[in-house]
Amino acid sequence: MEKAMEQLNRLTRSLRRARTVELPDDNETAVYTLMPMVMADQHRSVSELLSNSKFDVNYAFGRVKRSLLHIAANCGSVECLVLLLKKGANPNYQDISGCTPLHLAARNIHWLAVNGRTELLHDLVQHVSDVDVEDAMGQTALHVACQNGHKTTVQCLLDSGADINRPNVSGATPLYFACSHGQRDTAQILLLRGAKYLPDKNGVTPLDLCVQGGYGETCEVLIQYHPRLFQTIIQMTQNEDLRENMLRQVLEHLSQQSESQYLKILTSLAEVATTNGHKLLSISSNYDAQMKSLLRIVRIFCHVFRIGPSSPNNGIDMGYNGNKTPRSQVFKPLELLWHSLDEWLVLIATELMKNKKDSTDITSILLKQKGQDQDGTSIPSFEPPGPGSYENLSTGTGESKPDALGGKQEASADCQDVISMTANRLSAVIQAFYMCCSCQMPPGMTSPRFIEFVCKHDEVLKCFVNRNPKIIFDHFHFLLECPELMSRFMHIIKAQAEYVQLVTELRMTRAIQPQINAFLQGFHMFIPPSLIQLFDEYELELLLSGMPEIDVSDWIKNTEYTSGYEREDPVIQWFWEVVEDITPEERVLLLQFVTGSSRVPHGGFANIMGGSGLQNFTIAAVPYTPNLLPTSSTCINMLKLPEYPSKEILKDRLLVALHCGSYGYTMA
């Protein structure tokens, strides 16, 4: 190393005097002599040194085994790159990761373009026999350029013969790479030149990547060249694996391109929601899956509707007063679902009125619709809760009972079975109906149509709430948002045994559920849910917040002294006596005053953290002056304690500092 530094210093002095010298015979020493010159693009100095040397320009050095040509391409040293190529540098040489100078040039093209050095790539391509050289992951320079999104680079590589559809080891094409990073311009160039729309080996498509990233502009380009993908995006609203906010972002961008596109998106979403709603009312459907799918689609539908160029949010009439505007017509497909909902509620209301009679009507309808559903007709029906429910229902429909009382009890049980079968499904559709009505209204205003709906089906809705009060939190959100509607149900809710629990749950969790969800989302970014599940709530509180009690003996044991203080000094003895005498609350204030934390970490004072890691509680001596208060440096857990003349003065000054300044700190 000393020899290399001596050689480098001698070389520097010689170059300053414009005298030529020779490079060391050792390639390892010579390459480190040339590297800073190549990085600075000092081509004349490099040329002069190479002309008088036997240095191998293809010599690979360093941990990744790159040549000087890699360095020139990576740094944008155009003149040195051309010089090295003329000297015989191999443009296809790969480092240990399979990366060539062309890969590096394509990867750093943004930096090169900002500095006006895009000609480097053109010069390099002229000396490369195969622009599709792959790295260890099967990626070519075109993959890299498409991912970075530089149009000039992509066009240069394509003009030089790069394979536009070449897949890497996972089957990802350049178009796939462009879409994975939302590079609209490079994706458009590829599609214009005939790039194929191909998935990778796992079946993930470029559109999947665009939607996952919320890249609306890139989705727009894909749809321009492949119109069939529009319906694919609409169907993606049913995929729970895709983040809802990303779907909203994409559809929001697409809807703002034109009025016709806006209406087309809303109409398509309404049709999908209607289909899912009828599936939810289907005997063969899975309740949880269909319920989540319907509400997800309706939320997206309402969001896109609100952000349109003319919506209730900007004060322009949208037809909620009955006007048949074009935008209000996008709700038309949903009317089929609302009609089915209305019919079922009327049917249940009728059966409730006939509770003393045999409930053959509704039971037989359920059985008929079960058969029709199996034949493929889309008539709404409901899944019974258990495998024997239909047998129980049919028993009460085809036979007469000699005991009138027994017949009434069976009829009542049948009616309750029907309600238990239908309540949750109907409630989810009611929630969707409320969301659609609300999005057509100005903020803070309840839809007259929905109020009329609640009044019409008052008895059935009250029956649902009486059966399960928590349905208010699950689906009947309109009761929480509309006081005039809640007043119709309060007597039912207050009569419930769990009324206090319901109110507590509302105020402590449900009312702040969005904030809780947002906190958990951020929290789980740092601590995975799988780890959290290992602890109960008390253990987790201990790990995160520390121990609630302060052990003074442990505090004394893990305290250091500096600036002249020792453990046996009178001031220190007085200090610890005061700490033991003060209240637990004041000890907490003292701990916070010095460390910035009101809790002792799990493991005690030995594990207290400072600004740069573990840092013991420290007491430092400060010369005493009258009325001087203790101060602290929280980043190093240091209490700066004056050398008070008595215990009484120490206690008085310490308590003043704690009660008046325990939430502040001084810099160390």
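From the backbone N, Cα and C atoms, a Cβ is placed for every residue, glycine too.
What TrEMBL lists as repeat 'ANK' is 64-96, 97-136, 137-169, 170-195. Under the heading region 'Disordered', TrEMBL lists 369-408. Feature annotation from TrEMBL assigns domain 'HECT' to 498-668. Taken from TrEMBL, the feature active site, glycyl thioester intermediate covers CYS635.
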Inset, instruction - Run through the repeat 'ANK' (170-195) and tell me, per DSSP, how many residues are helix, strand and coil. - result: 16 helix, 0 strand, 10 coil
Legend entry - Number of helical, extended and coil residues in the repeat 'ANK' (64-96), per DSSP: 17 helix, 1 strand, 15 coil
Inset, instruction - Please state whether DSSP places the residue listed as 'active site, glycyl thioester intermediate' in a helix, a strand or coil. - result: helix
